[in-house]
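**Q** Feature annotation from TrEMBL assigns transmembrane segment to C:14-37, C:44-61, C:67-89, C:101-122, C:150-167, C:195-221, C:233-258, C:264-285.
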Amino acid sequence: MNTKTIPLERKDVEKTTSLPLRPSSLVAVVVLGVLALVPALVSDSFFIHSLIMILFFAYMSTAWNFVCGYVGQLSLGHTMFSGAGGYCSVLLFTQLGVSPWIGMIFGGFLAAFLSVLIGLPTFRLKGPYFTLTMIACAEILRIWVENTNDFYGIPLKGAEGLVVPSMGDDVWAFQFTSKIPYFYIILIMLAVAIFATRLMERSKLGYCLKAIRGDRDAAEALGINPTRYTTLAFAISAFMTALGGSFYAQFFRYINPERNMGLELSIDMAVMSIIGGQGTVLGPLLGAAILVPIAEAARGTLGGSFLGLHLVIYGLALIACVLYFPKGVIHPLGRFFSRLFGLKETRG
Amino acid sequence: MTPILELANVSKRFGGIQAVKDASFSVGQGEILGLIGPNGAGKTTAFNMIAGFFKPDTGTIRLEGKDIAGKKPWEICEAGIGRTFQLSKPFGDLTVVENLMVGGFARNRDRRVNREKAEEMSAFLGMAAKRNIEANNLTAFDRRKLELGRALCTEPKLLLMDEVVAGATPSEAGEMVELVLKVRARGISILIVEHVMKVIMSLSDRVVVLDYGEMIASGPPKEVVSQPAVLKAYFGERYVQSRA
Amino acid sequence: MDFFILSFAVTNGLLLGGIYGGVALGLSLIFGVLRVVNFAHGSFLMLSLYISFWLWSIFGLDPYLSALINIPAMFMLGFAVQALIISPLIKRESALVVEPLSALLLTAGIFLVLDNAALMAFGPDVRAVQTSYYMPSLMLGGIPVNSQRLIGAVAAVIVAAALSWWLRTSHLGRSIRATAQNRDAAAMSGINVPFVYAVTFGIGCGILGLFGALMSTFIPISPSIGLSFGIKSFIVVVLGGLGSIPGCIIGGIVIGVFEAVASQFVTATSAAIGSLALFVLILIFRPAGIMGRA
C-alpha cells in the first residue's frame, strides 16, 4: 500500500504549537490554579461561599456530563444518586459513627449499584423516553424518602430531613468551622472529575460513548456493546454524583429529600452542562461559572424577594442556547479565543 | 480451502412473509461474492442475519467453520466481519480520523496506535486532506468511503457491503470499484449486495441470485445473468430488456 | 374491604381519571403531530388555572364562564409559543423529525420560565376559587358523585370525541393528520406546515384552558402544581400510547382508578409510587403503550 507518498500537510495542533499542553488542558490548569490562590487573597466569607457553590455545581454538572453529555442522553434523575450518596454518608455517620470520608465512598458504591440496576433496562430507551423514566425513578425515591420516617430502624425522618450534629473543627468528621477547607475539598473534587473526564474522552470508553451517541447501529457494527459501555459510564457518573451529594450534606450539615433528591438539582446539573457545552471537558465548568453567580446574586442581593428569578433566567438561557448555541457556549467561545491567540482551531 | 463464510439452510420469516428460505451459499477466501436479486428478494435480510442484526430461524452461518448465527452485532465484529450500511451512518460530530479511530478501538485500546492507523486509513481512502473534517460536512460519497474505512479499521476477514454505489455519480462509482478491489488486494474477502448490475459484473468473482427468499442461481456473473431463471426473476427490468 | 367504599373509590377514580385523560389530551396531540414532548405541559395547565382564578378573584367571573376567555387565551399562548420559540428549532433541523432532545430541552426551558415566573408574580401561596353557589353531589345508585369532577370527566370524553371527529372530517383536521404522517410530503401537497404546527400547539393548550377553568372549582392552585400534573399526563399518555386520543382517556381512567383503589389498600404515597413504577415498567416493556401498536 502506497500510503506514505501522500503528504500530510499538518499534524495535530499539539505538535505544531509550542504549548506544553493542549489548549483545553491549559485552560483547565490555569483556571483551577488561579482558583486555588483565591482564599489567600480574598477573605470575604460570602464570596468564598459563592465560589464553593460554583465549584459544587461545576462538579455535579461535570459528573452528569461524564455520561449524559458523551452518550447524548438527557437524564433528569441524577439527584437520585446525589440523594442516595448523601443519605448514605450522613446515616453512616449519625448512626454508626463512620467518618463521612469513608461514608461517601460507600454512598458512591451504593449509587453506582443503583445506576446499574436502573441503567441496564432503561439505557436503550431513546430521547424523551429515557428522560421521563429517569425523572420517574428519581421521583419514586424522593416520594418514598419524603414519606418514610423509619425504615427498618433507620431513621430517614421523611420530608423533615437529616441534620448532621455539629462537631466543631474535626477533619475526621468532615466538619470545619471555616469555609476554606470546604473550598479546597470541592476544588480538588472538581479537578479530579475534570481530569477523569479528560482521560475518559481520549480512551476507548470515550470513543465508544461518542460512537453510540452518533449512531447506535453503526457503533454495534464496529464491535461496541452499547449496554456495556453506557452502563460503565453511568456507574462512574453516579459514583461521582453521590460524592457530590455527600459533600453538599456535609457543607450544609443538613440533607432533605426536596433539595437533595428533587428535580431542581437534576435540572441544574443538566442545564449547566448544556449551556456550557455538553460532551466537552470544560463545558460544565463554564456553564456553572455563568449560571451559579446569577442564582447567588438573586438569592443574596435581592434577599429572596424574587423567589424563582434565577430559574427564570436559567430557563431563558436554556431556550436561547438550544436555539442559538446548540453545542453550548464553549464552542463559539473556544473559536473566539483560538482566533485571538492565533491558534488553529482544535477539537476538544 | 475452506470457505471463509458458509451459510447452510438459512431461513427467516417475518410474520407471514418468508424473507429468506433455505439459503445455502459460501464466500471463498479472498473472493468477492455478489448477492443480487430483484427488490424484496431477501438480500438485505440475508445480509442482516450475517451481520447479526437478525437471528435466523433455522440454519447455520459459519465464519471459518465457527457458527456465528444469532450472535450480536458486536460479537460478529469481534469474530472478524465488518459491514457498511445501505444508508451510511457516520458519527456526524466526529472528524474523519476520529470516526476511523472508533473502528480501531475494536482491536486495540491504544489511542496513539489507533490514531496512526486511522491516518493511514484516511490516506488509503484518498481522504487524507479531509481527515480533520467533521463527518457531517462530508459529501454523501465521502461518507460512504468513510464508512468502508471505519469497517476496515476493525481488521475484518470478511467485509459485508450493502449497496456500495447507491447515489454515486459514474466517476464516483468507478472510484469505489477500484477501492473495493484494493481492499480485496489486502486479503479481505467481500460480500456485496448491490442493485447496479454494472458494478456487480465488474467486481464479483461469483454471484448468488435470490428471488422470493430462495436461491435460484449461482456462478460467474456472465453465466448467471443469462440463465433463464434469473432472466425470469428480473424480467421487465430495464437491464434485461436492453440485452434481449 | 367494604363494597360501598370500594365502589365509591372506583367512581372517584373514574372521574379523576377522566380528568387526567382530558388534561393529557393536548400533550398527546402535540406529540402525535410535532413529535415534541412538551415538558411545559403542566405549566400551561397551571397558567390556565391562574387565569380562571384571577378572573374570578378580580372580576368575580364564574369559573365555568371563564372558560370562554381561558380557552382562546391559552390557544393564543400556545400558538405564539410554537410560532416564536419551537418553530425556529424545527426549521433548523433538516431531518424529517425534530431531534427529540432539543425540543425537550426547549420545552424544559419554557417550563422553568413559566413555573418560576408564576412563583415570582403570584407568590408561593395556595389559592382556591370559592363559588358563591353550592353544587350538591349527585347520588348515583347510592354513591355520592362530586358534580364538579363529573363535569370535568364528561367534558374530557366530549372533547376527546369532538377532537377525533374534527381531525377526521375537517379540512384543517386532515391537514394536521397529514402533517403528523409525513411533514415533507404534507408540505409538498401545499399544506402550510408551520401554521399547522402552531394551530396544533394552540389546540393542545386551548384544551388545557378548558380544563383549567373546570378544575379551578375544586383544585387548590399554586405555582408548583403544574409539574405533578405534567408528570401524571406523561404517565397517562405513555400508558395510552403516545399520540392516541382514545388511548389518552383510557390511560387516564386506568391511572385514576388504579390510584383511587390502591389508596384504599395502601397509603396514598405508595399509590403514587405505584403509578410511577407502573409508568417505568410500561416504558421498559411496552413503550408503545397498552393501546398503541407494539
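Numbers here mean position along the shown chain, with the first residue as 1.
Quick reminder: no glycine exception, Cβ is built from N, Cα and C everywhere.
Buried or exposed, and what's around them? Tell me for each listed feature.
**A** A Cβ distance under 8 Å defines the sequence-distant neighbours of the transmembrane segment (C:14-37), meaning residues of its chain 6+ beyond its ends; these are 44-45, 78, 82, 86, 90, 97-98, 100, 103-104, 107, 145-146, 149-150, 152-157, 159-160, 163, 176, 179-180, 196-197, 200-201, 203-208, 210-211, 214-215, 229, 232-234, 236-237, 240, 242-245, 247-257, 259-260.
Nonlocal intrachain contacts for the transmembrane segment (C:101-122), taken as residues 6+ away from its ends with a CB within less than 8 angstroms of a stretch CB, comprise 34-40, 42-44, 46-47, 50, 81, 85-86, 89-90, 93, 223-224, 226-227, 230.
Proximity of distant same-chain residues to the transmembrane segment (C:150-167), defined by a Cβ-Cβ separation under 8 Å and at least 6 residues beyond the stretch ends, is recorded for 14-19, 21-23, 25, 29, 138, 173-174, 176-177, 203, 207, 210-211, 214-215, 245-246, 248-249, 252.
Residues 19, 22-23, 25-27, 29-30, 33-34, 38, 41, 44-53, 56, 63-64, 66-67, 70-79, 81-83, 86-87, 90, 126-129, 131, 135, 146, 148-149, 151-152, 155-156, 159, 163, 172, 175-176, 179, 186 of the same chain lie 6 or more positions beyond the ends of the transmembrane segment (C:195-221) yet place their CB under 8 Å from a CB of it.
With a threshold of 8 Å between CB atoms, the same-chain residues lying at least 6 positions outside the transmembrane segment (C:233-258) that come near it are 10, 13-25, 27-29, 31-33, 37, 41-42, 156-157, 160, 163-164, 167, 180, 271, 274-276, 278-279, 282-283, 287-293.
Using a Cβ-Cβ cut-off under 8 Å and counting only residues 6 or more beyond its ends in the same chain, the transmembrane segment (C:264-285) has close neighbours at 1, 5-6, 9, 231-232, 234-235, 238-239, 255, 258.
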**Q** So which residues does the transmembrane segment (C:44-61) touch in its own chain, when a touch means Cβ under 8 Å and the partner is 6 or more beyond its ends?
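**A** That would be 23, 26, 38, 67, 69-70, 73-74, 77-78, 114-115, 118, 122, 127, 129, 205, 208-209, 211-213, 215-216, 219, 221, 223-226, 229-230.
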